[in-house]
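These notes concern the structure reproduced below.
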Amino acid sequence: MSYLMLDLLSLDVSEAEAEMLRHPQVGGLILFSRNFSSREQLIALVQQIRQIRPEILIAVDHEGGRVQRFREGFTLIPAMGDILPAAKGDMVIAKRWACELGFLMAIELLACDIDLSFAPVLDLNGISQVIGKRSFSAKPEEVIALAQSFIEGMAEAGMGAVGKHFPGHGSVAADSHIAQPIDEREAEAIFNQDILPFKDLIAMGKLSGIMPAHVIYPKVDPNPAGFSSYWLKQILRKELGFNGVIFSDDLGMKGASIAGDYLGRAQAALDAGCDMILVCNDNPGVMSLLNGFVWPASAPQHPASLLKPNAAQTAIALENASRWENAKQLAEQIQLAQQAKV
């Protein structure tokens, strides 16, 4: 069935974690900085995971900028919000750079047998400090153009894209990791601004997955988007025509606590339309679900396996050493340009 994505405590898989990974409802694993000490160790960890569950979807938040879990042995990817300024506002150059950075981010993960980065961020850069330069821009048309190029670079490496945080996290100050953000704007502002990157990239067929925000938009619906059948079934599926995988954001975040304990949160997310739920940084929470939750009898309509890499494309990309090297130099060039401004 495979509705659950969980995490690990440290640099290898404990016997208790191995038992959890064997559970039929576990279909995904997300890695964090605590699971990484070196590229060699990471490769060994992934091999250990694959021996236990060969088909499991292995993911990471590896957007670039301050959200990059693996650093030593990996290229430091610039923050998405630094691309257009580094190109001095030239969108033609910025799009080319975004494509190469998407390729670079993806190929360095795929080379370690990691399937997926939860990227890119499609939020607009507004008042949210937790988003900030994780966003490509404050303007929807710039987010769309740059994200499209970044996603195309990912695809050229063989990796699918997961857009987040639907329908937009940029206009709330609160951080949903530690608080319950509420976006008090009228529906018109959200539909005419924030939702546009999701809408257009879905129409282009660029998004394999979407992660909704743990944000309440009370002028639209009383529930956080990730627990809202209106947002996920009516808007995302029906009106926008999205047919990829919907991942919940981490159900351990404060913004998810409105739905009660983990059993309540999981039920709310699945009822709303999520295909895979994430529970991070809380092993007892994971165990409560594996032991006490009544999972759906049928498999997800949009299984997370849809996000597995295009192996043939990845094999070709891995042989393109010159593109990889040129992209690394580009990333360093943008980083240096940004440091010179500080």
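Cβ atoms are placed via backbone N, Cα and C, with glycine included.
These features come from Swiss-Prot:
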BINDING   D61, R69, R134, K164, H165  substrate binding site
SITE      D175  site 'Important for catalytic activity'
ACT_SITE  H177  active site, proton donor/acceptor
ACT_SITE  D249  active site, nucleophile
In the structure shown, with every protein chain counted, which of the recorded positions D61, D249 has the densest set of Cβ atoms within 10 angstroms of its Cβ? D249
Within 10 angstroms of the C-beta of H165 (substrate binding site), what count of other C-beta atoms is obtained when all protein chains are considered? 27
Euclidean distance between Cα atoms of D249 (active site, nucleophile) and H165 (substrate binding site), Å: 8
